[in-house]
Amino acid sequence: MSKAKEGDYGSIKKVSGPVVVADNMGGSAMYELVRVGTGELIGEIIRLEGDTATIQVYEETSGLTVGDGVLRTKQPLSVDLGPGILGNIFDGIQRPLKAIADVSGDVFIPRGVNVPSLDQTKQWEFHPSSYRVGDRVTGGDIIGTVPENTLLDHKVMLIPQAKGTITYIAPAGNYNINERIIEVEFQGTKYEYCMKQSWPVRSPRPVVEKLLADTPLLTGQRVLDSLFPGVRGGTCAIPGAFGCGKTVISQALSKYSNSDGIVYVGCGERGNEMAEVLMDFPQLTMTMPDGREESIMKRTTLVANTSNMPVAAREASIYTGITLSEYFRDMGYNFAMMADSTSRWAEALREISGRLAEMPADSGYPAYLGARLASFYERSGRVACIGSPEREGSVTIVGAVSPPGGDFSDPVTSATLGIVQVFWGLDKKLAQRKHFPSVNWLISYSKYLNALEPFYEKFDNDFVDIRQVAREVLQKEDELNEIVQLVGKDALAESDKIILETADFLKEDYLAQNSFTKYDKYCPFYKSVGMMRNIVTFHRLATQAIERTATGNSDGQKLLSNIIKAKLGDLLYKVSSQKFEDPSDGESVVTGRLNELNDELKEKFRALEDEYS
């Protein structure tokens with residue numbers, strides 16, 4: 001603060017919780033970063049009227065008094081982007097929690113603490129690309145790589161605004177993130193750039209164009225991959241009441257999805273949930289294609305913003321997370337961002353809106369809730385990145401929503417459903433029956449089915465038909481359940497009894513998945529397809545056999561559903577035990593066993609038909 005001029009200071013006029021009003025702030029900009037009070041608390045200007053500025057403070061404001069100084073920094077709230085992001089744990093405004101703990105020696109974050117986001121002293125191994133002195137470069141060009149860890153190479157890019165002719169490029173060697181690695185001349189002026197760049201969190205990073213997303217986001221959860229798929233570069237919402245398993249699904253996506261990396265934002269969640277994530281993730285490993293085990297933290301960045309942290313920082317944490325994701329997207333990677341949960345973010349907006357005395361809309365939320373949600377979700381997508389070499393990257397956003405009492409007509413849920421393309425609705429009743437993941441297959445939907453058809457055709461040409469049959473069976477079973485409750489199961493036609501039997505296989509043995517077992521915590525797509533094919537094959541063959549033997553055999557005996565269950569009991573047990581196939585045995589082994597079961601089903605039903613026709 002000593003270097004600041006007197007004209008850079010305003011003075012506090014009023015304090016109301018996280019909102020501070022300051023005078024003498026003429027010349028300030030919207031969303032400018034300020035330092036409030038003697039403790040230099042971080043704040044951001046959110047309203048300007050004349051020379052009065054309204055500031056939201058990202059730290060605890062108790063102890064601030066009228067007349068305290070407010071220092072303008074003349075820059076927006078920004079995040080530092082460079083090597084060292086992966087494997088790190090930040091708070092909502094990108095302060096590194098581990099570094100703060102080391103500096104302060106305390107379990108709580110001290111007020112006004114000023115620790116650099118990325119390690120300034122660590123030496124990174126820089127490998128320059130093919131550029132030479134005299135070459136012309138522009139924003140987004142990859143000027144070198146840094147092997148950040150064994151999973152990801154960090155591509156060092158020029159900042160988007162840069163352009164000119166190279167006058168110096170650093171040779172291969174070890175540098176910290178603030179050392180000059182390239183110098184560019186443009187119109188007679190020289191500019192120096194290092195590995196680190198800053199970017200304002202509220203501004204989307206520039207791209208050449210948005211592209212159509214056509215690759216599925218495989219999560220390892222059968223119900224999501226087969227019935228309600230998301231895409232890389234898509235938007236998904238997971239609304240559900242407390243205890244439905246939102247956090248488990250979010251964490252499963254972080255652990256097993258086919259993204260290159262994950263940014264997990266715990267926005268206003270319980271402290272012990274975030275602690276569990278922080279304890280679990282460093283111990284988790286993922287198996288690479290070449291068989292080696294790697295720590296999952298090597299591809300993960302955590303933004304931890306628990307419910308007892310200042311409310312204003314919740315709003316910033318979402319923007320921090322999406323800016324980090326966009327940075328890796330610009331390198332040409334496919335990143336996924338988990339926001340758990342956007343409801344807490346909306347509650348932070350509501351609280352600050354109330355402090356500003358804005359006109360409340362539905363349930364007290366501000367009228368601009370929908371616009372803020374849309375501007376956040378619209379930063380997802382598959383894009384052609386700026387700079388050379390030409391490359392594509394994507395950011396997928398998965399937002400958990402916690403509607404009070406599981407009421408999906410809540411304003412946050414309604415606004416979210418108007419924006420996102422995939423809806424994974426969690427059902428309290430399924431969760432109470434211990435059916436997890438508790439995704440309700442009757443209300444959930446995905447608008448990406450048509451976009452993904454070419455992928456499915458290539459992977460397995462009859463998967464689309466199999467999935468359609470499975471969905472019809474589940475829909476029909478819901479209608480039949482009402483009849484069964486009125487008149488009992490015995491009054492149903494034989495073909496309807498088969499529908500109920502197939503639906504049981506689908507619900508109990510296919511859609512339900514145990515995240516805490518070795519064989520079922522992650523289900524590869526080939527296993528999902530094989531399992532669904534066998535269940536649908538049973539349905540088709542059983543229905544066909546009953547229709548063909550409707551007249552009975554020479555003794556007048558007809559093939560009934562209970563006879564099928566009695567005669568093929570062992571085979572049906574095999575169908576229900578498919579989930580126990582362990583993916584670690586290898587794709588060819590698992591696929592071979594599932595195909596054998598399919599052949600056995602056809603053979604046994606052929607024999608049954610011969611017996612009863």
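Counting begins at 1 with the first residue displayed.
Each Cβ is built from the backbone N, Cα and C atoms, and glycine gets one as well.
According to its DSSP assignment, GLY243 (ATP binding site) is coil. Every protein chain considered, the tally of other Cβ atoms within 10 Å of the Cβ of GLY243 (ATP binding site) stands at 13. Under the heading ATP binding site, Swiss-Prot lists GLY240, ALA241, PHE242, GLY243, CYS244, GLY245, LYS246, THR247.
Within 8 Å of the centroid of the Cβ atoms of GLY240, ALA241, PHE242, GLY243, CYS244, GLY245, LYS246, THR247, where the record puts ATP, the same chain has further Cβ atoms from SER402, LEU426, ALA431, SER438. Of all Cβ atoms in the protein chains displayed, 12 besides its own lie within 10 Å of the Cβ of PHE242 (ATP binding site).
Cβ neighbour count for GLY245 (ATP binding site): 20 (other Cβ atoms within 10 Å of its Cβ, all protein chains included).
Counted over every protein chain shown, other Cβ atoms within 10 Å are most numerous around CYS244 among the binding-site residues ALA241, CYS244.
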